[in-house]
Each structure stands twice: as C-alpha cells, then as structure tokens.
C-alpha cells in the first residue's frame, strides 16, 4: 500500500513536466490520469488470487511493476506510450488494492479492523512522500523553450495545481508551446521513487522464500506460522472450534473475483438482505471515496476563484493539508479501532463529513474556515474505507464477496465523481463544488442508514444453515487458503 500511495499522488505535480517531455497539449496529457484510473477501477473487480502463494506472487509482480514504471516513465516521449505505461501502473495498483484487503480480511477476520487501518495508513504515507520527492525537480519556468514562453511561465504554478484527471477546465486559454527545446529534470524524481519503492518487492520475495514458495530456491529455515497456528494466535477464543472446522469441506467460499461472485450457485439460498448489504456498502464507499477524489482534485481551483480569491501560493497548501490529515486520521484510527466497533467509526465518519460540508457552505466566505474544514474533512474520511470493509465483512460472516464489491465500488466512485464534479463546476461555477460535496455526503449517510437497516434484517448465524448458502457463518478453513 506504500507503493499504491506513491502512484496515487505523483502524477498531479509532475504532469506539466511530462507534458513537456511528450510535447503534448494540456487536454492530451490529462488522458494519462484517466488511463491509470480506468485500469485501477477495472482491475479492482478481479480478486483472482485465492491462495497465499498466488497472492504473494501477484503482490511481488505488482510492486515490482510499479518500480519499473517509475524507471520507464522518463523514457516515454510519446503521450500514447506514457498512457499505456500508466495503465500498467493502474493495473498493478488495482491488484495491490484488492489482494491486500482480501488477504487481511481472510487471515484475521473479526480482528481485521486494526490491520486494515494500519494498511490504509501507508496509502497516505506514500501519497505524502511522492510530491515531496518530485518538488525539487519540477520546472520553475516553462520546460519547453520557445519564443512564446514568457507569459505562460508566470502562470505555471497555477496551471500545475489546477490540473485534474481529464478535465483541464478553463486552462485552455493558456498558451503553452508544444514545440521547442525540452528542459526538465523530472526524470531524477522518478528514478528516486523507483529506488525507494524497490525494497517493497524485495520484502515480498523474501516472504515467498521464507514460505518455501520460490521454485528455484530451497529455504533451510522453518516457514512462518502455519494456518492453524495463525488462527489460534489471532482468535484464541475459537481454538476448540478450529480443530473440527478444518476437517469440514470448504463451502462455496466468498472473496472470489467479481465474476465468480455473480455465479448463480453462490446465490442459492441467499436472502435479499445478502445482496442489499453488498450494494449499500459499495454505495457508501462510492460516495466517500468519490469525495476524496473530487475534493483533493478541485479544492485548489475552488479556493482561487471568487468569492474567496485565495492567492495561488496559499491555495496550493490545501490539497497537501487534506492528504496530511487523511494520513494523520489513519494513524489515529489504528489504536481507536481496537476499542471502537467498525459500525460506530463509520457512523462518526459519515456524520462528520455531512456536518463539515454544511459548515463549509455556511462559512463559504471564510478562508480560515476553508482550511479548518479541509483538515476536518480529511480526518473524517480517513478511516471510512477500512472501517466499512471490516463492518460489512463482519455482517456477512466473511462468506460473501464484500471485499471485491467494496473495492470496486470505491474505485469507480473516485473516477466517476471527479469527472462529474469537473463538468458541473465548468458549467455552474465554483460554488457548486461545495454543493456537490454536500449532496454526496448526504447520499453516503442515507446509504449507511439503509445498511444499518439491512444489518438488523440479516439472518443471524445458525448451525442449521445449509453449507452452500452464502448466509452460512464463517468456518475457518485455513488449510485450503494456505495450501502450498
């Protein structure tokens, strides 16, 4: 997830230098955003790695691919080639996103909330680090030297902070040359990020080696905790049940990819609440992750427009403040999730988001409250995804497809709401930015209220349930999950 975070945040600050490198227009280069997000959202629905060996090999390949992408980006001098490379990065990010969440839920189940909070902290950590690495190497003047660069160079910081996925908005009137001598040092930033990320695939490879899963190498040391020992370490209250549970055949298990989840055999005997829990949980994350994407993408543009008219340099701190408080909130949520139920945490989050947007609308002329509201919004949104994932899987007794469905819904929401809000702001003005946020926050709260209702209606675990039913209580069959 540190690799995931590095990939999320580097593209925005470096996009103008990449425009110079590929000698493309603003509208062309913003398609690079879209190619990454599209493959990220599409790959989130493919939870293809069920066994531990498959998961580790997939994570090794994905984290190594991200290092290779960082190393290859400086060699891409065509915008189409760059878009293809970024699509590969999106594919790797989707793989990391789905498999990491899925395996933590499968291993720790009712104890997974703490581990999910820690996992998602590293997204914010990576997202904070990559802009800091890139900043010293960004061009202070237009990086394509020609006779018409003088006026554009003075507006370069403003243009850089206003670029969002596939929506250059009202920047088309800036005359940025496409031909001339390219002068940019951004390549060094990508190579540094490739080296910083390299220990991640090395660590995953070491884990494969310790688990004796590398065909060409034989480890003389003992492997890590076996599935039975791990279950006893993490769930001591279930020791007596484990010895009998591992002898029972594995039921039609969850945590498959989205297409496997849609097979009719998995729906046999399922109540309507089984589907409702999946759908409402995904819709909550569609809205909340969509808010994260659209707020971080458009808060700068909103601040520099009337009525606030914040100076460009000051407004540039707002996206960084937002991500900083998301990271801080995820760090705080690690100990908090040990004491507080996931359902309670999600309720606090969605109510907090709704109240923050309401206050931002009331004090829409206050620059000070814009900064306070941005920090508050980051805190409330920070732990929504891991808490919702832990809560929904707990409702379904870890036998549904919640992880895959929720990750897919969150990824699609982040992409779709950015495009939607960008179009609305372009047509209706900057004030609609906060109105959209208020509507999305209200919808998130509404869908969460429906989820609470369906939770109350959901059938309680019973020993009489049919083995093939998705409503069957969880049976820990770790030997199947960790088969070597």
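Heads up, the Cβ atoms here are built off N, Cα and C, so glycines get one too.
As recorded in TrEMBL:
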TRANSMEM  79-100  transmembrane segment
TRANSMEM  112-133  transmembrane segment
TRANSMEM  188-209  transmembrane segment
TRANSMEM  274-302  transmembrane segment
TRANSMEM  314-332  transmembrane segment
TRANSMEM  344-363  transmembrane segment
TRANSMEM  369-391  transmembrane segment
TRANSMEM  403-425  transmembrane segment
TRANSMEM  431-454  transmembrane segment
REGION    465-484  region 'Disordered'
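Panel annotation: around the transmembrane segment (344-363), residues 284, 288, 291, 333, 336-337, 369-370, 373, 376-377, 379-381, 383-384, 387-388, 391, 434-435, 437-438, 441-442, 444-445, 448 of the same chain, lying at least six beyond its termini, place a Cβ under 8 Å from a Cβ of the stretch.
Same-chain residues lying 6+ beyond the ends of the transmembrane segment (188-209) with a Cβ under 8 Å from its Cβ atoms: 2-3, 6, 10, 14, 53, 56-57, 59-60, 63-64, 66-68, 70-71, 73-74, 129-130, 133-134, 136-138, 217, 219, 224.
The list of residues near the transmembrane segment (274-302) in space but at least 6 beyond its ends in sequence, with Cβ under 8 angstroms from a Cβ of it, reads 161-162, 164-165, 169, 267, 308, 315-316, 318-319, 322-323, 326, 346, 349-350, 353, 374, 377, 381, 384-385, 388, 391-392, 395-396, 400-402, 405-406, 408-418, 420-422, 425, 430, 433-434, 436-437, 440-441, 443-444, 447-448, 450-451, 454-455, 458, 470-471. Non-local neighbours of the transmembrane segment (112-133) in the same chain are 1-10, 12-13, 100-101, 104-105, 189, 192-193, 196, 320, 323-324, 326-327, 330-331, 333-334, 336-338, 342, 382-383, 385-387, 389-390, 393; each lies 6+ residues outside the stretch with a CB under 8 Å from one of its CB atoms.
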